[in-house]
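Student: Okay, these came from TrEMBL:
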{"type": "DOMAIN", "residues": "C:19-355", "note": "domain 'DUF4910'"}
{"type": "DOMAIN", "residues": "C:69-160", "note": "domain 'DUF2172'"}
{"type": "BINDING", "residues": "C:His189, C:Asp195, C:His324", "note": "Zn(2+) binding site"}
{"type": "DOMAIN", "residues": "C:357-432", "note": "domain 'UCP01524 winged helix-turn-helix'"}
Amino acid sequence: MLENNTRDINFRQSGESMYKLAERLFPICRSITGNGVRETLSILQETVPLDVTEIPSGTHVLDWEIPNEWNIRDAWIKTPGGEKIANFRKSNLHVLNYSMPVNQEVDLATLKEHLYSIPEHPEWIPYRTSYYNQQWGFCMPHNQLEKLEEGNYQVKIDSEIKPGALTYGEFIIPGETEEEVLFSCHICHPSLCNDNLSGIVIATELAKFLKNLDLRYSYRFLFIPGTIGSIAWLSKNEEKASRIKHGLVLTLLGDASPFHYKKTRSENTEIDEIMAYLLKDEDEAKLLDFSPYGYDERQFCSPGFNLPVGRISRKPFGEFPEYHTSADNLDFISAEKLGESLQLLVRAVSVIEGNRKWINRKPKGEPQLGKRGLYQAIGGATNQEDFRMALLWVLNFSDGEHSLLDIAKKSKIDFSILKFATDKLVSSGLLTSK
Amino acid sequence: MLENNTRDINFRQSGESMYKLAERLFPICRSITGNGVRETLSILQETVPLDVTEIPSGTHVLDWEIPNEWNIRDAWIKTPGGEKIANFRKSNLHVLNYSMPVNQEVDLATLKEHLYSIPEHPEWIPYRTSYYNQQWGFCMPHNQLEKLEEGNYQVKIDSEIKPGALTYGEFIIPGETEEEVLFSCHICHPSLCNDNLSGIVIATELAKFLKNLDLRYSYRFLFIPGTIGSIAWLSKNEEKASRIKHGLVLTLLGDASPFHYKKTRSENTEIDEIMAYLLKDEDEAKLLDFSPYGYDERQFCSPGFNLPVGRISRKPFGEFPEYHTSADNLDFISAEKLGESLQLLVRAVSVIEGNRKWINRKPKGEPQLGKRGLYQAIGGATNQEDFRMALLWVLNFSDGEHSLLDIAKKSKIDFSILKFATDKLVSSGLLTSK
Amino acid sequence: MLENNTRDINFRQSGESMYKLAERLFPICRSITGNGVRETLSILQETVPLDVTEIPSGTHVLDWEIPNEWNIRDAWIKTPGGEKIANFRKSNLHVLNYSMPVNQEVDLATLKEHLYSIPEHPEWIPYRTSYYNQQWGFCMPHNQLEKLEEGNYQVKIDSEIKPGALTYGEFIIPGETEEEVLFSCHICHPSLCNDNLSGIVIATELAKFLKNLDLRYSYRFLFIPGTIGSIAWLSKNEEKASRIKHGLVLTLLGDASPFHYKKTRSENTEIDEIMAYLLKDEDEAKLLDFSPYGYDERQFCSPGFNLPVGRISRKPFGEFPEYHTSADNLDFISAEKLGESLQLLVRAVSVIEGNRKWINRKPKGEPQLGKRGLYQAIGGATNQEDFRMALLWVLNFSDGEHSLLDIAKKSKIDFSILKFATDKLVSSGLLTSK
């Protein structure tokens, strides 16, 4: 059923609607708390009916505490000549994320202690945050910073940091079993596209695609602020976390790089095998070893949880200059690449759903396929020779020890053909589930 | 004892007698049942006293049923010009094997529906069978088929398909233990040499060589029709099958290609290790991964039996154009290559027999070899330095965990020298069997 | 503590004192028994207070017996022309080690049956022994042997072989636990430097360095005659041997070759991992598989003991022409290379001591490092970025399964930085020992 739907989906068209959603989300000023997150989730709810959870500031979550909530209305610097620069309304990156409010006159030397820029890329605005040390600050192109003249500057940040809540979204698609597949993305970045509007729109589109299918696993989608969000979710959902059998952190999926899959902490879980299988023929795709650094896989893969959660990206984390700058904008991602990334995830779900261990009910000698019409069972779409070999491979290795993916790797026959052969063998009574 | 006999055997001379036997068996029309098989087995009985078993048509064997027996006396096509072509008496390949009887006049278009040829090799007659769908047919060179003129053709196949039996031969050499080594070959092919008169004559010669030796294992030789024969044997001998500790399917052993060993289903059994060891220095020899396709290893390695049975061949299965054509004739095999193949099998038996785990009875520190005369124990034939090192290696690793083959692989000392050292250490009381 | 001391040690200066000790030990005529060994041990006692053990001739040790003791005062050959050659007082290599006494006149032909030389290196005196077959003999440069003229030669060896004792030295540094690290070297070679004055002086210097430190393991240093010495020690100390958790045989450590580490019998013990880790960045260093041949690792690694004892050398055993000749002299080794070898051993001890498995006490999610001041904990000497990553790696993999060395290999962060991070995490209460 999933296979048929998989063939029907038009990934080019999905790519375009994902890109449009990214355009709409782009201007919102998100952070790890605050109204930007709420507004974002409310837009996503137009597509999938996700649940929104609010956790009050001060709540203890694992070794951490939910911080005060940050909101901002406006921010700018007025030069000695009266010009407004670093204007929050033009780009929310201009403000140090989680900046405390300020409204005062400072001289240039003092101002510079609060300015951030990137000398190597003098046209770009950096993205900087200070969640846990109360500071104020502005980010601007290095060229602009260099040209600032002596004199008094008016600085204004109309923000507030006070008790409120941390907000996240969650969407569950119940399946045949309570065993879960997790897709997680972070929603705490302001006007940045690859990191991580790409993850948000792909998770949303994937959820929309899966929500009406009959699925074996239950699927959980998390739209959470990075680090503190996953820590908060894990803290409140230890029992649910233990049901997660496969998971992927989705990030950096809209650019034009080859795929980079980062393995789970154990490096040999089923999702690791599945992603390695799917990427083996992708040009220049790379498998990365686990490291306790990066996105929320750090938390899901902490030793006390040790969940089988990998991370799928295009650009490798932290290894591209546009990372955390204004250059990670709507030009840096494309509908086409978002569509291809979605396609990879749909294929992953297809293998996750289909990968089982079966039992051959006639394991002694080969069963006579001819008398069961199995040599003729095949449709025009499938390669006949591969299908016959698929029957033999599935029968021989369906001993309760080998999964269909194991058989795909041994036989070098495509997983989908093996799945088709498996379905025919189940219908004919030769295979039974383990 | 085996080692000495191994050195004595003259493989060139054995090659010649195997080739002569192949010449004598070549003209017989064999199939999966019938008198051709009986005649073949009766000729083999002149060399080894094998037992012949007949299983009646209709007997249920695992998921299959013994088919009716097929016999044929004559077959031909008479052209509109009165010429007899596709004459069974000139080559039994001309008739579709298991063809139903026919005697009628047909026009060219109808005739062509029953003709088989190989356009890529227009001079060769293909070998085709139709065991389980009743049909009639002829095989001929494509050149000849192309030249057939319009008109009426008389077709005659003087065959019969009726209740009878499936026939196979079996020969046991009892050893010290009931644990068995299996050699199996198929006897269902008509005038084809590499596939599989080569296997038949080598199995016969090997049985003749081993039958008067004192052996540790019991040796079972099967001369059976492909697929249905092994299924029938397994069906009637489940208990015996469980005693098989090592096995080889013998086929395609007379041509000039390098050796191809196909691993057992587990791919890490002792016979896999032994064949890998013996072939590692053979020029261009290849190890093939298991697949559930090929010869009777398909049945022996079905998951309900999962026997440690590999397959040894020269030409890789199905990958040479002469396969299943009239070009697989007496020119395609040679006495020399049959002899070399036999030599490999004799070496394999020598390692199978000698490969044990021993226990060093003085495992603490090195035993003093000098006072036991072991540094002088060596004959002129053996390399003295290798022998001394062999003593140390066997003593150090005879801990009940490492087999002599393990030690051969670790030490890079030839198995036969390690075996010689082992015998000396056993005589001196320093080693005991596990 | 060890780390600080490690940084303080001046390996160049240590190299020079080791070289001086080698110069002093060089002239002494050592063998597997006798006064040369006693004199050697007594010189070493000036540096470390080692215990000397004497085992009487005739004592049964494992499969062997302590031989009679050999001592020698003088030896020479007088030519027909009255010249004294092969003079023991000029080089103790001139006498076949363990030569029986002789004092007689022989003709040239008879003399030559007792002479040893190396035709390939005609200027060098070979080193030869005959411990268990009573013989007499002389060693000399091949050039000299070739020039001997016909006539009668007076041969004199003023030695005695009679009941006495085998002598060895032993030094223990008690640590926190009774688990032991063994360093063993042989003391039975006369005027030869790399084999094995290098081992003797390095063992002595290492013992001197370690003896005043607080150590986790106990350290045992053995100064023993080769083969019979280790057999004797093992025979008398089975219970102590079982406490050895890591060990190294020290030999051939003064020349200019790259390091060669020979693995323990199991080839995957902790000392194997540690030496592989330390040598991975050493130019041209090689890891050698275990073989039951070589130095006293033969005995420590006999299957009845199977101790985790590897061997560290520079020149690979037996693969250099100077081996067991007068060319293995004081010019063949250098203070610099002795110093470098000592440095490698000190680093090995540092990893042995520091390599533990820890338990993260906050394993669910990442603990918040900022609030514990751990992001600021670092001194100027250590790389800050590496230190932060080290904290994350140690926390994530301190699950009781991964040792610090495992983490070093996974993270590619230097062991010493991980150790430093571990100490900080222990202090902050986030880590506890397993």
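Quick reminder: no glycine exception, Cβ is built from N, Cα and C everywhere.
No curator has checked TrEMBL annotations; they are predicted automatically.
Since this is a predicted model, take the numbers as computed values, not measurements.
Can you walk me through where each of these features ends up in the structure?
Tutor: Mean predicted confidence for the domain 'DUF4910' (C:19-355): the pLDDT average there is 97.
DSSP assigns C:Asp195 (Zn(2+) binding site) to a helical segment in the three-state reduction. In sequence order, C:His189, C:Thr251, C:Leu252, C:Tyr323, C:His324, C:Asp328 constitute the residues six or more apart from C:Asp195 (Zn(2+) binding site) in its chain with CB-CB distances below 8 Å.
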Student: Can you break down the domain 'DUF2172' (C:69-160) into helix, strand and coil residue counts using DSSP?
Tutor: 13 helix, 35 strand, 44 coil
Student: Report the member of C:His189, C:His324 (the binding-site residues) whose C-beta atom has the most other C-beta atoms within 10 angstroms.
Tutor: C:His189
Student: Give me the sequence-ordered set of same-chain residues, not including C:His189, C:Asp195, C:His324, with a C-beta within 8 angstroms of the centroid of the Zn(2+) site's C-beta atoms.
Tutor: C:Tyr127, C:Leu192, C:Asn194, C:Asn196, C:Tyr323, C:Asp328
Student: According to DSSP, does C:His324 (Zn(2+) binding site) fall in a helix, a strand, or coil?
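Tutor: Its secondary structure by DSSP: coil.
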